[in-house]
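Presented below is the structure to which this report refers.
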Amino acid sequence: MLGKKEINEHGHLVIGGCDVVQLAQEFGTPLYLFDETLLRENMRFYRQSFERLYPDYAVAYASKAFICSAMCRMVAEEGLFLDVVSGGEYYIARSSGFPADRIIFHGNNKTAQERELVLREGIGRWVVDSEAELEVLIEEAKNYRNGKLPLLFRLTPGIDPHTHQYITTGKIDSKFGLPIVGGVAREVMKKALAFPQFELRGVHCHIGSQIDSLEPFLKACEVMLEFMFQFWKETDFLLEELDLGGGLGVPYLDEQKDQFPSISEYVEAITGKVRAWCEEHSFPLPRLIVEPGRSIVNTAGNTVYRVGTVKEIPGIKKYVAVDGGMTDNPRPVLYGARYQALVANRMHDRSRERVSVVGKCCESGDVIIPEIELPRVLPGDILVVEGTGAYNHTMASNYNMIPRPGVVFVKDGKAKLVVRPESLSDLIRRDVLPGD
Ligand SMILES: Cc1ncc(COP(=O)(O)O)c(C=O)c1O
Ligand SMILES: N[C@@H](CCCC[NH3+])C(=O)O
């Protein structure tokens with residue numbers, strides 16, 4: 001099992017002190033269920049690890065992994081910054097009361113509306129992604145409400161993190177960022193120095209996601225520090241901040257548990273590397289920023305389904321269909337992502353059969369787990385797919401007009417509904433009948 005889970009006297013799965021079978025009855029299925037203690041613990045692991053090892057840092061939670069108003073509140077309470085990549089994420093954060101000066105604003109194609117919103121309300125760091133964006137900002141930032149606009153520049157350091165190609169983002173051939181090669185990034189940044197409306201704070205990179213080793217992060221530290229050092233020598237301007245993005249991977253299956261560095265190993269490695277490099281080159285220690293998403297939320301999240309149709313094709317396969325699917329978890333279809341599951345209402349059942357867990361969408365590719373050994377599954381059973389905290393709720397769709405699930409936080413035996421499940425009427429909320 002992933003995360004902290006127990007089994008009670010009824011043989012039911014317990015998360016955050018709550019009986020998952022009862023939660024399924026109370027809140028309905030499918031349902032995203034988050035262990036609040038684990039969420040907070042992971043945020044604290046990041047902060048405490050930095051606190052022990054490095055003088056000046058910020059941990060910015062990457063909200064694209066999982067966002068809702070209650071999550072933004074929690075991130076604010078835990079003293080983290082927030083990484084947003086759209087006006088939508090910014091809006092949710094601000095509506096929950098998240099302080100603007102702790103928000104980092106990303107995007108490779110920020111729209112006029114998004115820029116206007118953020119410049120109106122304020123921002124902690126604005127991450128410039130391209131020369132074209134800088135050109136637009138030269139005009140638009142003139143009347144920034146808080147004086148100088150604090151900028152980071154996103155660079156592509158040319159590193160392959162050896163992860164799925166769709167979530168590889170730091171190679172030179174990328175839609176994100178300014179390439180380090182050929183002096184492109186350097187020239188664009190030099191240009192920004194000439195404008196008084198900007199406060200040039202530092203550089204950013206994000207090499208990819210679900211990365212299973214420390215080596216690509218260490219390489220990124222080196223390349224980025226080398227860039228900062230050269231920039232200093234050439235311009236006499238010291239870039240004070242280095243934002244290394246997110247990307248630390250996590251196990252999705254029990255058998256992968258030893259295959260990923262822990263949060264503290266990751267923080268130890270990057271802070272050690274930065275310290276050693278700076279000492280060797282007599283370069284002032286920069287302020288370090290990281291933007292973890294998945295490693296904070298994934299293991300804390302689970303999806304609770306009810307089993308419907310069970311279909312056996314003799315000698316070939318048994319299909320177990322649940323009341324959700326690729327609409328609440330598109331990751332298997334998109335990335336071939338793997339998951340494991342539990343039968344929450346019969347945790348002591350030792351019978352085993354090989355099945356394929358599928359969804360209810362009108363697509364043969366709507367498979368959540370192609371092959372898994374489970375206790376003999378019956379219609380009505382409660383099936384929990386583990387490790388769905390990241391990029392599930394935020395990537396869910398209404399395909400086949402299936403309402404999206406609600407979100408419940410559990411902690412110390414108490415359950416809080418933090419996103420209500422969509423209703424059928426939500427599905428027509430934005431419809432306009434011609435003539436009305
Ligand atoms: C700029 C940026 N920062 C942070 C993250 C978070 O990454 P992860 O969830 O892998 O930690 C992402 C997503 O990959 C990103 O694009
Ligand atoms: N959506 C991806 C991660 C994207 C990271 C954003 N840069 C996933 O589920 O793995």
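Glycine residues also receive a Cβ, built from the backbone N, Cα and C atoms like all the rest.
Automated prediction, rather than curation, is the source of TrEMBL annotations.
The structure displayed is predicted, hence computed values, not measured ones.
Per TrEMBL, the feature domain 'Orn/DAP/Arg decarboxylase 2 N-terminal' maps to 48-297.
In the three-state DSSP assignment, the secondary structure recorded for Lys64 (N6-(pyridoxal phosphate)lysine) is coil. What TrEMBL records for Lys64 is N6-(pyridoxal phosphate)lysine.
Taken from TrEMBL, the feature pyridoxal 5'-phosphate binding site applies to Gly247, Glu291, Pro292, Gly293, Arg294, Tyr391. The Cβ of Gly247 (pyridoxal 5'-phosphate binding site) lies under 8 Å from the Cβ of Pro161, Thr163, His206, Ile207, Gly208, Ser209, Gln210, Ile211, Phe217, Pro292, each of which sits 6+ residues away along the same chain. In the three-state DSSP reading, Gly247 (pyridoxal 5'-phosphate binding site) counts as coil.
Taken from TrEMBL, the feature substrate binding site covers Arg294, Arg331, Tyr335, Glu363, Tyr391. Neighbour density for Arg331 (substrate binding site): within 10 A of its CB lie 18 other CB atoms from the protein chains shown.
Distance noted between the C-alpha atoms of Arg331 (substrate binding site) and Gly293 (pyridoxal 5'-phosphate binding site) is 16 Å. Contact annotation for binding-site residues (Gly247, Glu291, Pro292, Gly293, Glu363, Tyr391) versus ligand 2: Tyr391, each with CB under 6 Å from a ligand atom. Inclusion criterion for the binding-site residues Arg294, Tyr335, Glu363, Tyr391: a C-alpha placed within 10 angstroms of the C-alpha of Lys64 (N6-(pyridoxal phosphate)lysine); this criterion is met by Arg294, Tyr391. Taking a Cβ distance under 6 Å to any atom of ligand 1 as the criterion, the binding-site residues Gly293, Arg331, Tyr335 reduce to Gly293. Remark: Glu291 (pyridoxal 5'-phosphate binding site) has Ala60, Tyr61, Ala62, Asp83, Ile104, His206, Asp243, Leu244, Gly245, Gly246 as non-local neighbours, by Cβ distance under 8 Å and separation of at least 6 in sequence. Taking the C-alpha positions, the distance from Tyr335 (substrate binding site) to Tyr391 (pyridoxal 5'-phosphate binding site) comes to 12 Å. Ranking the recorded positions Lys64, Arg294 by how many Cβ atoms sit within 10 Å of each one's Cβ puts Arg294 at the top.
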